[in-house]
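Everything on this sheet refers to the single structure shown next.
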Amino acid sequence: MSALSTLSADDEIRRLVETHGTPLYVYDRDVLGHRAAELIRVLRGATLYYSLKANPNQDVASLLREQGCSVEVASSGELRRAIQAGYAAEDIMFIGPGKTREEIREAAGLGVGRFVVDNETELSVLAEETDVRDIVVRVNPLFEASGGKLSMSGGKPKQFGIDRTRVGGFVSVARSLGLEVVGLHYYLGTRFLDARDIVDNTRLIIDDAVEIAAENDLLLDFLDMGGGFGVPYFAGESALDVLVLEEGLQACIAAARRAFPAATLAFESGRYLTAESGRLLLTIVARKDSYGTEFCVCDGGTNVNLAAIGTGSLGKRNFPSALVASRATGTRPAGSPTTVTVTGPLCTPDDTILKAVEWDVPPRAGDYVVIRKVGAYGPSASPHSFLGHRFPTEVCV
(Lines of atoms letter the chains of each structure in order from A and count residues from 1; the text may use other names and numbers.)
(Lines give C-alpha, C1' and ligand atoms only; values in the text may rest on other atoms or scores of the structure.)
Protein backbone atom coordinates (compact mmCIF):
# COMPACT_ATOMS: atom_id res chain seq x y z
CA MET A 1 0.00 0.00 0.00
CA SER A 2 1.40 3.40 -0.94
CA ALA A 3 1.98 6.12 1.61
CA LEU A 4 -0.75 8.14 -0.08
CA SER A 5 -3.24 5.36 0.62
CA THR A 6 -2.03 5.14 4.22
CA LEU A 7 -2.32 8.91 4.61
CA SER A 8 -6.00 8.77 3.67
CA ALA A 9 -6.77 6.97 6.94
CA ASP A 10 -8.20 9.30 9.56
CA ASP A 11 -5.80 8.09 12.24
CA GLU A 12 -2.81 8.99 10.09
CA ILE A 13 -4.21 12.48 9.51
CA ARG A 14 -4.65 12.92 13.25
CA ARG A 15 -1.12 11.68 13.95
CA LEU A 16 0.39 14.08 11.44
CA VAL A 17 -1.52 17.06 12.82
CA GLU A 18 -0.71 16.17 16.42
CA THR A 19 2.98 15.89 15.49
CA HIS A 20 3.37 18.91 13.24
CA GLY A 21 0.36 21.17 13.77
CA THR A 22 -1.50 23.01 11.03
CA PRO A 23 -1.42 24.43 8.41
CA LEU A 24 0.52 21.41 7.21
CA TYR A 25 1.60 20.30 3.74
CA VAL A 26 2.27 16.57 3.43
CA TYR A 27 4.13 15.26 0.37
CA ASP A 28 4.04 11.56 -0.45
CA ARG A 29 7.42 10.12 -1.44
CA ASP A 30 5.88 7.08 -3.14
CA VAL A 31 3.67 9.20 -5.36
CA LEU A 32 6.57 11.52 -6.25
CA GLY A 33 8.76 8.55 -7.12
CA HIS A 34 6.04 6.88 -9.16
CA ARG A 35 5.30 10.03 -11.15
CA ALA A 36 8.99 10.64 -11.88
CA ALA A 37 9.63 7.04 -12.93
CA GLU A 38 6.54 7.07 -15.13
CA LEU A 39 7.41 10.30 -16.93
CA ILE A 40 11.08 9.37 -17.33
CA ARG A 41 9.94 6.12 -18.96
CA VAL A 42 7.53 7.95 -21.27
CA LEU A 43 10.34 10.34 -22.26
CA ARG A 44 13.18 7.81 -22.49
CA GLY A 45 15.82 9.05 -24.87
CA ALA A 46 15.33 12.59 -23.54
CA THR A 47 16.30 14.39 -20.33
CA LEU A 48 13.53 15.38 -17.92
CA TYR A 49 14.02 18.71 -16.16
CA TYR A 50 12.11 19.30 -12.95
CA SER A 51 10.61 22.81 -12.89
CA LEU A 52 11.58 23.86 -9.39
CA LYS A 53 8.99 26.64 -9.32
CA ALA A 54 6.26 24.02 -8.88
CA ASN A 55 7.59 22.97 -5.49
CA PRO A 56 11.01 24.11 -4.21
CA ASN A 57 10.82 22.01 -1.04
CA GLN A 58 14.31 20.56 -0.58
CA ASP A 59 13.14 17.03 0.21
CA VAL A 60 10.90 17.00 -2.87
CA ALA A 61 13.66 18.37 -5.11
CA SER A 62 16.22 15.91 -3.73
CA LEU A 63 13.92 12.95 -4.26
CA LEU A 64 13.29 13.91 -7.87
CA ARG A 65 17.04 14.30 -8.42
CA GLU A 66 17.54 10.80 -7.04
CA GLN A 67 14.91 9.55 -9.49
CA GLY A 68 16.97 10.90 -12.39
CA CYS A 69 15.63 14.40 -13.05
CA SER A 70 17.74 17.40 -13.95
CA VAL A 71 16.37 20.77 -12.79
CA GLU A 72 15.17 24.04 -14.29
CA VAL A 73 15.43 27.24 -12.24
CA ALA A 74 14.31 30.80 -12.85
CA SER A 75 16.09 32.90 -10.20
CA SER A 76 19.20 32.96 -8.08
CA GLY A 77 17.09 31.84 -5.13
CA GLU A 78 15.94 28.76 -7.02
CA LEU A 79 19.49 28.21 -8.23
CA ARG A 80 20.74 28.05 -4.65
CA ARG A 81 17.89 25.75 -3.63
CA ALA A 82 18.79 23.40 -6.48
CA ILE A 83 22.42 23.30 -5.38
CA GLN A 84 21.32 22.64 -1.78
CA ALA A 85 19.13 19.78 -3.04
CA GLY A 86 22.23 18.17 -4.53
CA TYR A 87 21.91 19.00 -8.22
CA ALA A 88 25.20 19.35 -10.07
CA ALA A 89 25.65 22.66 -11.86
CA GLU A 90 25.84 20.93 -15.24
CA ASP A 91 22.37 19.48 -14.62
CA ILE A 92 20.79 22.90 -14.10
CA MET A 93 19.00 24.93 -16.78
CA PHE A 94 18.59 28.65 -16.00
CA ILE A 95 15.52 30.26 -17.58
CA GLY A 96 13.35 33.33 -17.02
CA PRO A 97 12.47 36.58 -18.82
CA GLY A 98 13.97 38.95 -16.25
CA LYS A 99 17.40 37.73 -15.19
CA THR A 100 19.41 40.44 -13.46
CA ARG A 101 23.11 41.06 -14.05
CA GLU A 102 23.85 39.65 -10.62
CA GLU A 103 21.86 36.49 -11.33
CA ILE A 104 23.53 36.01 -14.70
CA ARG A 105 26.99 36.38 -13.17
CA GLU A 106 26.15 34.01 -10.32
CA ALA A 107 24.74 31.33 -12.63
CA ALA A 108 27.67 31.65 -15.01
CA GLY A 109 30.15 31.50 -12.15
CA LEU A 110 28.60 28.27 -10.90
CA GLY A 111 28.81 26.79 -14.40
CA VAL A 112 25.13 26.01 -14.99
CA GLY A 113 24.70 23.52 -17.79
CA ARG A 114 22.22 25.42 -19.95
CA PHE A 115 21.63 29.16 -20.10
CA VAL A 116 18.33 30.07 -21.80
CA VAL A 117 18.33 33.62 -23.21
CA ASP A 118 15.15 35.70 -23.56
CA ASN A 119 16.38 39.11 -24.74
CA GLU A 120 19.31 41.10 -26.13
CA THR A 121 20.20 42.58 -22.75
CA GLU A 122 21.10 39.10 -21.55
CA LEU A 123 23.30 38.64 -24.61
CA SER A 124 25.28 41.75 -23.73
CA VAL A 125 25.71 40.78 -20.08
CA LEU A 126 26.81 37.26 -20.97
CA ALA A 127 29.31 38.52 -23.54
CA GLU A 128 30.74 41.32 -21.40
CA GLU A 129 30.68 39.88 -17.89
CA THR A 130 30.90 36.07 -18.12
CA ASP A 131 32.78 33.28 -19.84
CA VAL A 132 29.56 31.75 -21.21
CA ARG A 133 29.71 31.46 -25.00
CA ASP A 134 27.20 28.72 -25.86
CA ILE A 135 23.59 29.74 -25.29
CA VAL A 136 20.05 28.42 -25.67
CA VAL A 137 17.39 30.72 -27.14
CA ARG A 138 13.77 30.55 -26.07
CA VAL A 139 11.51 30.82 -29.12
CA ASN A 140 8.07 32.43 -29.17
CA PRO A 141 6.72 30.50 -32.17
CA LEU A 142 4.11 31.58 -34.67
CA PHE A 143 1.93 28.52 -34.26
CA GLU A 144 -0.77 28.26 -31.60
CA ALA A 145 -0.61 25.42 -29.10
CA SER A 146 -3.76 23.36 -28.80
CA GLY A 147 -5.30 22.11 -25.58
CA GLY A 148 -3.51 24.08 -22.86
CA LYS A 149 -5.20 25.98 -20.03
CA LEU A 150 -2.66 28.83 -20.11
CA SER A 151 -1.02 29.66 -23.43
CA MET A 152 2.52 31.04 -23.70
CA SER A 153 2.91 31.05 -27.49
CA GLY A 154 1.05 31.45 -30.75
CA GLY A 155 2.56 34.49 -32.43
CA LYS A 156 1.14 36.74 -29.72
CA PRO A 157 2.99 39.38 -27.69
CA LYS A 158 4.75 37.71 -24.77
CA GLN A 159 7.53 38.64 -22.38
CA PHE A 160 8.93 35.17 -22.95
CA GLY A 161 11.51 34.34 -25.58
CA ILE A 162 12.31 35.70 -29.01
CA ASP A 163 9.58 36.13 -31.61
CA ARG A 164 9.93 33.56 -34.36
CA THR A 165 10.15 36.32 -36.95
CA ARG A 166 13.15 37.83 -35.13
CA VAL A 167 15.15 34.71 -34.36
CA GLY A 168 17.44 35.17 -37.37
CA GLY A 169 18.38 38.68 -36.35
CA PHE A 170 18.86 37.57 -32.75
CA VAL A 171 21.28 34.85 -33.84
CA SER A 172 23.25 37.44 -35.81
CA VAL A 173 23.47 39.75 -32.79
CA ALA A 174 24.63 36.85 -30.62
CA ARG A 175 27.36 35.95 -33.09
CA SER A 176 28.51 39.54 -33.32
CA LEU A 177 29.09 39.41 -29.56
CA GLY A 178 31.05 36.17 -29.74
CA LEU A 179 28.16 33.97 -28.59
CA GLU A 180 26.85 30.90 -30.39
CA VAL A 181 23.29 29.62 -30.32
CA VAL A 182 23.62 25.89 -29.68
CA GLY A 183 20.13 25.19 -28.40
CA LEU A 184 16.47 26.11 -28.69
CA HIS A 185 13.88 26.19 -25.93
CA TYR A 186 10.08 26.04 -26.29
CA TYR A 187 7.31 26.16 -23.72
CA LEU A 188 3.84 26.52 -25.21
CA GLY A 189 1.52 26.39 -22.21
CA THR A 190 0.39 24.50 -19.17
CA ARG A 191 -2.15 21.89 -18.01
CA PHE A 192 -2.56 19.92 -21.22
CA LEU A 193 -4.92 17.05 -20.39
CA ASP A 194 -5.16 15.43 -23.82
CA ALA A 195 -2.05 13.45 -24.73
CA ARG A 196 -2.75 13.97 -28.42
CA ASP A 197 -2.43 17.74 -28.00
CA ILE A 198 0.97 17.36 -26.36
CA VAL A 199 2.15 15.07 -29.16
CA ASP A 200 0.83 17.37 -31.89
CA ASN A 201 2.45 20.41 -30.27
CA THR A 202 5.76 18.57 -29.94
CA ARG A 203 5.71 17.74 -33.64
CA LEU A 204 5.22 21.43 -34.42
CA ILE A 205 8.14 22.32 -32.16
CA ILE A 206 10.46 19.87 -33.90
CA ASP A 207 9.46 21.15 -37.34
CA ASP A 208 10.05 24.74 -36.22
CA ALA A 209 13.43 23.89 -34.71
CA VAL A 210 14.50 22.17 -37.93
CA GLU A 211 13.56 25.29 -39.91
CA ILE A 212 15.39 27.64 -37.54
CA ALA A 213 18.53 25.50 -37.59
CA ALA A 214 18.53 25.38 -41.40
CA GLU A 215 17.82 29.09 -41.82
CA ASN A 216 20.63 30.11 -39.47
CA ASP A 217 23.21 27.36 -40.00
CA LEU A 218 22.93 26.20 -36.39
CA LEU A 219 24.51 23.01 -35.07
CA LEU A 220 22.13 22.32 -32.23
CA ASP A 221 23.31 20.28 -29.27
CA PHE A 222 20.19 20.98 -27.17
CA LEU A 223 16.45 21.09 -27.83
CA ASP A 224 13.95 21.63 -25.02
CA MET A 225 10.46 20.72 -26.24
CA GLY A 226 8.67 22.00 -23.14
CA GLY A 227 6.00 20.09 -21.30
CA GLY A 228 2.78 21.31 -19.77
CA PHE A 229 1.78 17.80 -18.71
CA GLY A 230 -1.54 18.33 -16.96
CA VAL A 231 -3.17 16.98 -13.83
CA PRO A 232 -6.97 16.57 -13.47
CA TYR A 233 -8.14 18.57 -10.47
CA PHE A 234 -11.86 18.90 -10.99
CA ALA A 235 -15.00 17.00 -11.99
CA GLY A 236 -15.15 16.42 -15.73
CA GLU A 237 -11.38 16.38 -16.16
CA SER A 238 -9.56 13.20 -17.16
CA ALA A 239 -5.99 12.13 -16.54
CA LEU A 240 -3.50 12.04 -19.38
CA ASP A 241 -3.57 8.78 -21.33
CA VAL A 242 -0.02 7.69 -20.55
CA LEU A 243 0.04 4.99 -23.24
CA VAL A 244 -0.99 7.45 -25.96
CA LEU A 245 1.50 9.97 -24.58
CA GLU A 246 4.33 7.45 -24.55
CA GLU A 247 3.69 6.17 -28.06
CA GLY A 248 3.37 9.65 -29.52
CA LEU A 249 6.33 11.21 -27.74
CA GLN A 250 8.60 8.28 -28.49
CA ALA A 251 7.87 8.91 -32.17
CA CYS A 252 8.64 12.60 -31.64
CA ILE A 253 11.89 11.84 -29.84
CA ALA A 254 12.93 9.56 -32.69
CA ALA A 255 12.15 12.31 -35.21
CA ALA A 256 14.09 14.88 -33.22
CA ARG A 257 17.02 12.47 -32.93
CA ARG A 258 17.10 12.05 -36.71
CA ALA A 259 17.07 15.82 -37.16
CA PHE A 260 19.65 16.55 -34.45
CA PRO A 261 21.75 13.40 -33.92
CA ALA A 262 24.18 14.95 -31.42
CA ALA A 263 21.69 17.00 -29.41
CA THR A 264 20.46 16.49 -25.88
CA LEU A 265 16.67 16.34 -26.16
CA ALA A 266 14.73 17.64 -23.19
CA PHE A 267 11.30 18.08 -21.67
CA GLU A 268 10.31 19.77 -18.43
CA SER A 269 7.62 19.22 -15.83
CA GLY A 270 6.66 20.54 -12.43
CA ARG A 271 2.95 20.12 -11.79
CA TYR A 272 2.70 16.58 -13.18
CA LEU A 273 5.55 15.40 -10.99
CA THR A 274 4.35 16.95 -7.74
CA ALA A 275 0.66 17.94 -7.66
CA GLU A 276 -0.89 14.61 -6.74
CA SER A 277 1.71 13.94 -4.05
CA GLY A 278 0.54 16.80 -1.85
CA ARG A 279 -2.17 17.35 0.74
CA LEU A 280 -2.87 20.42 2.82
CA LEU A 281 -4.19 19.83 6.35
CA LEU A 282 -6.05 22.65 8.10
CA THR A 283 -7.86 22.98 11.42
CA ILE A 284 -11.37 24.42 11.61
CA VAL A 285 -11.20 27.21 14.21
CA ALA A 286 -14.85 28.28 13.98
CA ARG A 287 -18.14 27.25 12.43
CA LYS A 288 -20.93 29.76 11.89
CA ASP A 289 -24.15 30.42 10.00
CA SER A 290 -24.56 33.58 7.95
CA TYR A 291 -27.94 34.18 6.33
CA GLY A 292 -28.45 30.48 5.81
CA THR A 293 -24.93 29.61 4.62
CA GLU A 294 -22.73 27.45 6.82
CA PHE A 295 -19.11 28.62 7.10
CA CYS A 296 -16.08 26.81 8.46
CA VAL A 297 -13.19 29.19 9.15
CA CYS A 298 -9.76 27.50 9.11
CA ASP A 299 -6.28 28.42 10.31
CA GLY A 300 -4.99 28.63 6.74
CA GLY A 301 -6.47 29.78 3.47
CA THR A 302 -5.30 31.53 0.36
CA ASN A 303 -2.28 32.75 2.33
CA VAL A 304 -1.01 29.16 2.22
CA ASN A 305 -2.69 27.98 -1.00
CA LEU A 306 -3.44 30.81 -3.41
CA ALA A 307 -4.54 28.33 -6.08
CA ALA A 308 -7.72 27.77 -4.06
CA ILE A 309 -9.19 31.05 -5.32
CA GLY A 310 -8.66 30.01 -8.93
CA THR A 311 -5.51 31.81 -10.05
CA GLY A 312 -3.72 31.17 -13.33
CA SER A 313 -5.02 28.22 -15.31
CA LEU A 314 -7.29 26.74 -12.65
CA GLY A 315 -10.40 28.92 -12.34
CA LYS A 316 -12.48 28.95 -9.17
CA ARG A 317 -13.50 25.37 -8.55
CA ASN A 318 -13.15 23.20 -5.48
CA PHE A 319 -10.09 21.04 -5.08
CA PRO A 320 -10.78 17.47 -3.87
CA SER A 321 -11.28 17.54 -0.11
CA ALA A 322 -12.23 15.54 2.96
CA LEU A 323 -13.23 16.18 6.55
CA VAL A 324 -11.53 14.33 9.41
CA ALA A 325 -12.80 14.50 12.98
CA SER A 326 -10.14 15.32 15.55
CA ARG A 327 -9.71 13.24 18.68
CA ALA A 328 -11.03 16.19 20.70
CA THR A 329 -14.27 16.53 18.74
CA GLY A 330 -14.81 12.79 18.42
CA THR A 331 -15.97 10.65 15.55
CA ARG A 332 -19.61 10.77 14.53
CA PRO A 333 -21.79 8.70 12.23
CA ALA A 334 -22.47 9.81 8.71
CA GLY A 335 -25.82 11.49 8.37
CA SER A 336 -27.51 13.83 5.99
CA PRO A 337 -25.00 15.59 3.71
CA THR A 338 -23.85 18.92 5.09
CA THR A 339 -23.03 21.76 2.70
CA VAL A 340 -20.48 24.30 3.91
CA THR A 341 -18.20 27.00 2.57
CA VAL A 342 -14.66 26.75 3.90
CA THR A 343 -12.59 29.90 4.33
CA GLY A 344 -9.24 30.90 5.69
CA PRO A 345 -8.44 33.46 8.41
CA LEU A 346 -7.79 36.47 6.17
CA CYS A 347 -9.73 39.73 6.28
CA THR A 348 -10.94 39.46 2.69
CA PRO A 349 -13.99 37.77 1.14
CA ASP A 350 -11.68 36.29 -1.48
CA ASP A 351 -10.20 33.97 1.13
CA THR A 352 -12.49 31.08 0.18
CA ILE A 353 -10.91 27.64 -0.04
CA LEU A 354 -13.98 25.50 -0.78
CA LYS A 355 -17.35 26.86 -1.86
CA ALA A 356 -20.56 24.94 -1.09
CA VAL A 357 -18.70 21.67 -0.56
CA GLU A 358 -20.76 18.70 0.60
CA TRP A 359 -19.56 16.36 3.36
CA ASP A 360 -21.40 13.37 4.79
CA VAL A 361 -20.76 14.34 8.41
CA PRO A 362 -21.35 17.73 10.07
CA PRO A 363 -18.08 19.57 10.74
CA ARG A 364 -17.14 20.94 14.14
CA ALA A 365 -14.57 23.46 15.31
CA GLY A 366 -11.38 21.49 15.90
CA ASP A 367 -11.92 19.11 12.99
CA TYR A 368 -9.41 18.86 10.15
CA VAL A 369 -9.94 19.76 6.51
CA VAL A 370 -7.83 17.85 3.99
CA ILE A 371 -7.25 19.46 0.58
CA ARG A 372 -5.85 17.05 -2.01
CA LYS A 373 -3.68 17.49 -5.12
CA VAL A 374 -1.84 20.54 -3.78
CA GLY A 375 1.75 19.36 -4.19
CA ALA A 376 2.39 21.96 -6.90
CA TYR A 377 2.26 25.75 -6.55
CA GLY A 378 1.43 25.62 -2.85
CA PRO A 379 3.12 27.65 -0.10
CA SER A 380 5.88 29.14 -2.25
CA ALA A 381 3.25 30.45 -4.71
CA SER A 382 1.05 31.97 -1.99
CA PRO A 383 1.08 35.34 -0.14
CA HIS A 384 1.97 33.84 3.23
CA SER A 385 3.11 37.18 4.66
CA PHE A 386 -0.34 38.75 4.19
CA LEU A 387 -1.72 39.38 7.72
CA GLY A 388 1.27 37.61 9.24
CA HIS A 389 -0.27 34.21 9.89
CA ARG A 390 1.87 31.15 10.48
CA PHE A 391 3.84 29.79 7.53
CA PRO A 392 2.77 26.19 6.84
CA THR A 393 4.96 23.30 7.88
CA GLU A 394 6.02 20.94 5.07
CA VAL A 395 6.87 17.26 5.54
CA CYS A 396 7.61 14.33 3.25
CA VAL A 397 6.29 10.93 4.29
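Each Cβ is built from the backbone N, Cα and C atoms, and glycine gets one as well.
The annotation domain 'Orn/DAP/Arg decarboxylase 2 C-terminal' is assigned in TrEMBL to 25-375.
According to TrEMBL, the feature domain 'Orn/DAP/Arg decarboxylase 2 N-terminal' maps to 42-275.
Taking a C-beta cut-off of under 8 angstroms and a sequence separation of 6 or more, Lys53 (N6-(pyridoxal phosphate)lysine) has the following same-chain neighbours: Ala74, Glu78, Gly270, Tyr377, Ser380, Ala381. What TrEMBL lists as N6-(pyridoxal phosphate)lysine is Lys53.
Sequence-distant contacts of Cys347 (active site, proton donor), defined by Cβ-Cβ distance under 8 angstroms and a gap of at least six in the same chain, are Leu387. According to DSSP, Cys347 (active site, proton donor) sits in a coil region rather than a helix or strand. According to TrEMBL, the feature active site, proton donor maps to Cys347.
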Over the domain 'Orn/DAP/Arg decarboxylase 2 N-terminal' (42-275), what does the predicted model average in pLDDT? 95
